[in-house]
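For reference, the structure is listed below as structure tokens.
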Amino acid sequence: MAERAALEELVKLQGERVRGLKQQKASAELIEEEVGKLLKLKAQLGPDESKQKFVLKTPKDFDIAGNFDPMIPDAECLKIMCEILSSLQIGDFLVKVNDRRILDGMFAICGVSDSKFRTICSSVDKLDKVSWEEVKNEMVGEKGLAPEVADRIGDYVQQHGGVSLVEQLLQDPKLSQNKQALEGLGDLKLLFEYLTLFGIDDKISFDLSLARGLDYYTGVIYEAVLLQTPAQAGEEPLGVGSVAAGGRYDGLVGMFDPKGRKVPCVGLSIGVERIFSIVEQRLEALEEKVRTTETQVLVASAQKKLLEERLKLVSELWDAGIKAELLYKKNPKLLNQLQYCEEAGIPLVAIIGEQELKDGVIKLRSVTSREEVNVRREDLVEEIKRRTGQPLRIC
């Protein structure tokens, strides 16, 4: 028990170190190294037998012995990624794919020692941001790689294309002799066949420079990048990096299985924050405000003691299918109610006052133009629907 408690404390401390490095925006290489240490500690810790056991389950048609097509789930993930990015309408994109086995095989035949695989991998992964000469200088000058080894790597990692490149590398006299690389190339060829059937092969590029820093990937890896962001005159280009990524990590989940079974896994993630940055920049360029609500009209009052009247009116609007709301304060100031509409992007304000109640009208105000008109109460729903007939821009 004492030994386990000590390991749990080490896992906790290492986890805090990884989080601290991420907050400090430390180098990807350092973070990757510390994450690797954390995973090793967790593997040593193993499952806590005192806690409730869980059973790792796989799909009913899955054969743990390996009698299944390994690329169907990967192709489905890429199809889903393309569908999501297309639906967001944030610009043209390209999904780059590679395989960690191809990378490892390539490093091996080029003469990279096993101990340098991951550090050289992190250098190669920078090729989408800096030139090959800068990457080579880092590998040789900072990481001690022989220049001729770096040149051999450069011959490979500067190549990209489609299934024709996969077939070309399958005939490469050196790479085709490496078992890992041959397995990866075989799977990629099969993957491209499925991508063609799914109708998305034109969105996919086999890119030998794609490395993905995390050490738990075991097979196919991929990330999506924007070819261009929607831009207006005077708008600065927005460099947000990849907007989606993922891959295969067959060895990760099994670390938490008491029997150590290999559980194949593949997944993807969408860069929500980066996509928001693109959308916000586009709206700023168009001088459009980002709406944070679908509300079409705010029911407001011009004097005190009109909470019941506001509640009656908002209920009428809800019953008519109008997206309406009101502030929860009993006697909010009119200025505060108008400012709330401007901040939230609510286009209309229905204002109730003592005089309006007497006259049987509602004062309808456009938040953008600040124009106000009196509308008969029985005509209010029709007028709001007329004014909000255009599709709303919601983010």
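Each position is counted from 1, following the chain as shown.
For all residues, glycine too, the Cβ spot is worked out from N, Cα and C.
On a predicted model such as this, the values are computed, not experimentally measured, just so you know.
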Correct range for coiled coil (source TrEMBL, candidates 52-79, 248-275, 276-303) | 276-303
Same-chain residues at least 6 apart in sequence whose Cβ lies under 8 Å from Tyr216 (L-histidine binding site) | Leu39, Tyr249, Gly251, Leu252
Averaged across the coiled coil (276-303), what pLDDT does the model get? Just tell me the whole number, please.
-> 80
